[in-house]
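Worksheet: one structure, shown below.
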């Protein structure tokens, strides 16, 4: 049994889309965890592009599967899982997962078609991705024995929709009891946990009701994957030089029918073309244009106050001039100093200048 401090948690300190998938892949290749953990929902995408240009776009499967020492993938009890999506992601990476084990916690929730249909109408008003995640979570919370949507209660469904096809591809996968799941956690040599979405979207720390259906803090991520807090020895928080929110929603006539929510008082919403001279980014899941904002001291301070990261990954540095990036770094350091965040400075240890692992630097570029 290995019970020493051994886990890294990757979280988002803004509104999402900060490059968690990119830094997760980078760290997995560098730190080589044998166990990777997630408890995602199907409403957020995570992208990693390796040094050879292979692209991984996952909503269910950890990007840490690229670890050279990987043995086990754990999907935690706090997940709201789209089984077909997980199946497809596993099959697309079957070459990397040969001889590996994938365990799905029996208490993870399944997103069924009825949950997607339940969110189809009213959730448009708050910019929801409408993937059924909240509805699946609510169904689990209701605890109706006649409507049990946990993985453990739907063995036939899991066998038909995911386990059978995945095993045929040579990847071992099954449902795990809590005891079986925790045995892997305790026996692991090194663990990497990947959070989803972002601090400012948290149901308690965000701009309610323009939020997601749970918190996105390291503590919540640990709870959702059943990771003992004592095992955590590093928290990496991801930020963008220019934070984003998901798109507003419009009908076929071009009329706005949904708003994804406000920003912090010291932020300004920017126009992709007029202010930045570039095409708008599209969201990974909905393929709609993201809203983009200036960097916020208030957002940074609020996030660091709760997250208390050991390191920061500052992404999209290529969107700004070097002096502007330096100003953002200064804002992060000022917030960290005011909050007495421990550890060596600067807090920003990794800098992203593009979409691939080759674009991550350990020093800020000056040209």
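Glycine too: its Cβ is placed from the backbone N, Cα and C atoms.
Straight from Swiss-Prot, the features:
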- 17, 45, 284: Mg(2+) binding site (BINDING)
- 17, 43, 128, 129, 143, 212: dGMP binding site (BINDING)
- 17, 18, 19, 20, 21, 45, 46, 47, 197, 315, 318, 354: ATP binding site (BINDING)
- 17: active site, proton acceptor (ACT_SITE)
- 284, 285, 290: L-aspartate binding site (BINDING)
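Closest by Cα distance to residue 318 (ATP binding site), from the binding-site residues 43, 212, 285, 290, is 290. Following the DSSP three-state reduction, the secondary structure of residue 17 (Mg(2+) binding site) is coil. Cα-Cα distances to residue 284 (Mg(2+) binding site) place 43, 46 within 10 Å, out of the binding-site residues 21, 43, 46, 143, 212. For residue 284 (Mg(2+) binding site), the number of other Cβ atoms no farther than 10 Å from its own Cβ, over all displayed protein chains, is 18. Candidates 17, 45, 46, 197, 290 (binding-site residues) were compared with residue 212 (dGMP binding site); those inside 10 Å Cα-Cα are 197. The binding-site residues in question are 197, 212, and the one with the fewest Cβ neighbours inside 10 Å is 212. Between the C-alpha atoms of residue 17 (Mg(2+) binding site) and residue 197 (ATP binding site), the distance comes to 7 Å. Within 10 Å of the Cα of residue 45 (Mg(2+) binding site), the following binding-site residues from the list 21, 143, 197, 285, 290 place their own Cα: 21, 197, 285.
Residues 17, 18, 19, 20, 21, 45, 46, 47, 197, 315, 318, 354, recorded as contacting ATP, have a largest CA-CA distance of 22 Å.
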